[in-house]
Each structure stands twice: as C-alpha cells, then as structure tokens.
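Handing you this structure, nothing more for now.
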Amino acid sequence: EIVLTQSPAITAASLGQKVTITCSASSSVSYMHWYQQKSGTSPKPWIYEISKLASGVPARFSGSGSGTSYSLTISSMEAEDAAIYYCQQWNYPLITFGAGTKLELKR
C-alpha cells in the first residue's frame, strides 16, 4: 500500500497570500489527484492527473510534481479557499488518500 503524507496538517493564510500544500508518497506514483472538502459537504474533485483543474476550479489553483513528491498551490488566497484538501492516488487495485490539510483564513 502506498502511504500519502501531507504537509502541513493545518495552515492559515491571509487574503492574497500564496499557499502550497505538499503530498509525499511512500513510493513512486504516476498520477496524483486532489480534492477539496468544505464543512458539511462531500469532497469535490479539484485537481486531477497532477495538474488538470476540475470544472469550475479557479485558475489561481495549480498542481505539480512527479514520482513521490506532489503539490497543490494557490497563487493568491481567497476566503472561499478555506477548506480541507486531500491528495489521492490510485495504484491498482488500491486507492489511498492523504490525511488532509486544513487551510484556514488568517484574519
């Protein structure tokens, strides 16, 4: 089983601040996907196949990485970006998720 470790577990950013969330895999994976979850809702696909934005995701989000190291970046934090973000990989037949990164708005 491939273990995904996210960093940081919790972070806070001010409006306009750049935010980077990292996801480290215990062994190499071909693709990494990211989900956004807001309170009381199910996780939504956010970034797929490393860097492709899901429909409706703002262009301030981007994804990058390869091998065992991947990241999600927000170029300029907005209030609506406060959420929990999960990385996810599929190494047939097992799907594994990171424990999540809680992103809060720093006021």
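Placement of Cβ uses the backbone N, Cα and C atoms for every residue, glycine included.
Pulled these from Swiss-Prot:
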REGION    1-23  region 'Framework-1'
DISULFID  CYS23-CYS87  disulfide bond
REGION    24-33  region 'Complementarity-determining-1'
REGION    34-48  region 'Framework-2'
REGION    49-55  region 'Complementarity-determining-2'
REGION    56-87  region 'Framework-3'
REGION    88-96  region 'Complementarity-determining-3'
REGION    97-106  region 'Framework-4'
Tell me, by DSSP, whether CYS23 (disulfide bond) is helix, strand or coil?
strand
If you count every Cβ pair below 8 Å, which range out of 1-23, 24-33, 34-48, 97-106 shares the most with the region 'Framework-3' (56-87)?
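Comparing 1-23, 24-33, 34-48, 97-106 against the region 'Framework-3' (56-87), the winner is 1-23.
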For the region 'Framework-4' (97-106), name the stretch out of 1-23, 24-33, 34-48, 49-55 with the most CB-CB pairs under 8 Å.
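The stretch with the most close Cβ contacts to the region 'Framework-4' (97-106) is 1-23.
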Sorted by position, what residues of the same chain at least six away from CYS23 (disulfide bond) have a C-beta under 8 A from it?
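Residues satisfying the criterion: LEU4, THR5, GLN6, SER7, MET32, TRP34, GLY65, SER69, TYR70, SER71, LEU72, CYS87, GLY98.
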What is the average pLDDT across the region 'Complementarity-determining-2' (49-55)?
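Its mean pLDDT is 98.
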Treating G and I as helix alongside H, and B as strand alongside E, what does DSSP give for the region 'Complementarity-determining-2' (49-55) in helix, strand and coil?
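Split into helix, strand and coil, the region 'Complementarity-determining-2' (49-55) gives 0 helix, 2 strand, 5 coil.
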Helix, strand or coil for CYS87 (disulfide bond)? Use DSSP.
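Looking at the DSSP assignment, CYS87 (disulfide bond) belongs to a strand.
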If you draw a 10 Å sphere on the Cβ of CYS87 (disulfide bond), how many other Cβ atoms land inside?
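Its Cβ shell of radius 10 Å holds 29 other Cβ atoms.
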